[in-house]
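What follows is one structure encoded as structure tokens, with my remarks underneath.
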Amino acid sequence: MSRHSKKRHASDQEQEQETGEESNSTKVVCKGKDTEQSHNTQPKACNSEHASLLRGINHASNITVKGQTSDASVPVDSLFPNGFPEGTFQYYVENDTRSRETGEEKRLASIDLHVIETSLRKAGEVHKEARSYIQSKIKPEMRFWDLCCDLEDKVRSLIGENGPNAGMGFPTGCSINHVAAHYTPNPHDMRRFHYGDVMKLDFGTEVNGYIIDSAFTFSFDPQFEPLIAATRDATYTAIKAAGVDANLGELGGVIEEVINSYEVTIDGRTYPIVPIRNLAGHNLVKGSIHGDKCVPLVFEDSRERMEAGDIFAIETFATTGTGYADPGGMTSHYALNPAAEYPPMCAEDERLLKHILRTFDTLPFCRRWLDRPDGGSFAVNGNQGRQAKCIDSLNRLVERGIVEDYPPLCDQIGSYSSQLEHTFLVKEDCKEVFSMGLDY
């Protein structure tokens, strides 16, 4: 989930937000600095040769654990009674000269790394199994609603949903084309994913307040592969350069250089690929998807550095558009403001606030979850949690600053964007990447 030289191809190295309307493919024709947009009235035709091939991931199942079923129906606690698999370790090179901050050993001693590692390893295993499951289900013309609900139900089942202590880390983002982040369907939104769309699937899993934030991009149309490759290359290059004492602004420069080295040809026209410069990766802290450190997507003059014990989500965004994402469309993502004070309010608003506190605490949520029979958590509310007709109360809580809203973030209509994200723990001698799997 996002915080607000010679070109090469990968082979060488839209949604409107009105409820209930479906997206149409959009073609952009560039004329200097001006942009003409011609909106196709029908979705792009599906080439039968590519119709069933999901582009953007390695086609190898993550569900390889002995005892797991093909539909990932066994909770992970039953599969790993003696502890969860470790993540992917990336050790620093022998001649690494990263300095250690004075008193860092003392700071690390105050961090319960065992709890953090155990929680993130479980959440990471669930993320890998759940996304492997949904990757086998995704097809052109699938409704966003069905995709999100199926994926989220699988996460809840695998993780042993327990309100704010275990479950979804944040709502599933299924942003397509020019929408870079923070779109998930609201109630009655019946739009579908088309063959010519590019989707960023961004979802979180959470255990004991510790969140795995990981995302990948896919399309069925092979012409978008260079766009998808740009963020894949940038994210892995940045993770390799990350570690103790890594300068965050310099990491942004690494990301910028990689993304700028790509271009993509769409419908016969070639476009430069650029980073979305006002989005960023971020650190994560217990109970919150965003900490106080950012990993920019372009070079910045920064003194901020990574420290041992930090949890980071490095995510990169690339686009064929302007390289800037503005808020636009109907909001679906929300989160409680932990610093807010609660003034007197009407009974309806107080009822919704209490529901948010006990069901999500400070974790992000969406309107779709409030509309579920369990209101977002069966463990907390049973089937008596639905918050019917709560939109007015929700809007008033936002206006008072008690709840923060996160609208979709969009580049220019007609452009296409990609994303890839992984979560890792910075250690003294290595990084442990918890979300890395066989698919990406």
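Backbone N, Cα and C define each Cβ position, glycine as well.
According to TrEMBL, Asp202, Glu421 bind divalent metal cation 1; the candidate from Asp213, Asp411, Asp429 that the record adds to this site is Asp213. Binding of divalent metal cation 2 is attributed by TrEMBL to Asp213, His282, Glu421, and the same site annotation extends, among Glu250, Glu256, Glu307, Glu315, to Glu315. Checking each of the binding-site residues (Asp202, His282, Glu421) against His182 (substrate binding site), the C-alpha distance stays within 10 Å for Asp202.
Here the candidates are the binding-site residues His282, His290, Glu315, and by Cα distance the one nearest Asp202 (divalent metal cation 1 binding site) turns out to be Glu315. Glu421 (divalent metal cation 1 binding site) sits 4 Å from Glu315 (divalent metal cation 2 binding site), taking the CA atoms of both as reference points.
If you average pLDDT over the domain 'Peptidase M24' (120-323) in this model, you get 98. A Cα-Cα distance of 6 Å separates His282 (divalent metal cation 2 binding site) from His290 (substrate binding site).
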